[in-house]
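Asks: Below is a structure I'd like to ask you about.
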Amino acid sequence: MPPKRKKAQADVVEATTKKTTEAEDEPTTKKTKIEKKSSTASTDLPDDVDTSFPTQINPDAKTKDGRKFTKTIVSWNVNGVRAWLKKDGIDYLQKYKPDIFCIQETKCSQEKLPASLKVPDYHSYFSSGDTEGYAGTALYSKEKPINVTYGMGIKKLDDEGRLITAEYDTFYLVGAYVPNSGKGLVRLKYRTKEWDVAFRDYMKGLDAKKPVIYCGDLNVAHQETDLKNPKTNRNKTPGFHDDERQGFTDLLAEGFFDSFRELYPNARECWSFWTYMMNARAKNVGWRLDYFVLSDRLKKDLCEHTIQQDVMGSDHCPIVLQMAL
């Protein structure tokens, strides 16, 4: 585990700097002690409150009632698969071998997908939009899903390749790259009044059939503790507008929960994204934009949620969910 970083200066960082196109519109085989990252930031909590969270995958993760995990799911916004491949990002799959691996922001059409994206022992699925080099999602799965669908069935919301749904025997897996509201919040209405509303109905429909595991870059910092500088970003920066946050709250109210906050409600500096601008990652000025959102009835099966902040290759880091399913 790396040494604690110095407390970041009060830099103002906008989430949209990671997406200029949107603005313009080893796992351990032996038992080891899994350390948790401690926050260096000042908090409004008593000193005896634990604000730490795991940044290393726990090979012995268990549910509250002692059942060991049986499935590992990873979500990672790779900020372009071709650039990610040049940084040996695909080696992550061979190193950690998750059961399911979801990617966001592939930025590559189906016709131009590099052959090296095919990985032995995995079934792979890609969804690209109508615009080359923009958005896109992908899913790798050791087990072949019963069925895989793309989008919500609404053309206006499905033309950017933002959604993949895989059906398994006991659950649905939804991987999403939620629209960014854009520079100047030009897409805020589309995001909150169209996408969020339709997606909430989509999730409710799935949940009525089987429990849902939803993951991805959700482009929202739900709580003030989910970004470094809440005061200077509120209602100014995409990802921290009250309407976006309310949309996430409304989704949770339909019978879902944020797995990270379920386990670590007091965690601080739990970022999954740092803009490439202003040396933000070195200063640890970031946002938590990447989530696992689960059906409430899966709480009993939740083992661990890890934010792999030391894994490089993108302006986001991978997040890892371990479940006893």
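Using the three backbone atoms N, Cα and C, a Cβ is placed for every residue, glycine included.
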Asks: Looking at TrEMBL, which one out of Glu105, Glu111, Glu254 binds Mg(2+) in the same site as Asn77, Asp217, Asn219, Asp315, His316?
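Replies: Matched candidate out of Glu105, Glu111, Glu254, per TrEMBL for Mg(2+) with Asn77, Asp217, Asn219, Asp315, His316: Glu105.
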Asks: For each of the recorded positions (Tyr177, Asp217, Asn219, His316), count the other CB atoms lying within 10 A of its CB, then report the residue with the highest count.
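Replies: That would be Asp217, with the highest Cβ count within 10 Å.
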Asks: For Asn219 (site 'Transition state stabilizer'), what is the secondary structure state per DSSP, taken as helix, strand or coil?
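Replies: DSSP call for Asn219 (site 'Transition state stabilizer'): coil, neither helix nor strand.
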Asks: In terms of DSSP three-state secondary structure, what is the assignment for His316 (active site, proton acceptor)?
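Replies: In three-state terms, His316 (active site, proton acceptor) counts as strand.
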Asks: Including all protein chains shown, what's the count of other C-beta atoms within 10 A of the C-beta of Asp290 (site 'Important for catalytic activity')?
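Replies: Result for Asp290 (site 'Important for catalytic activity'): 23 other Cβ atoms within 10 Å.
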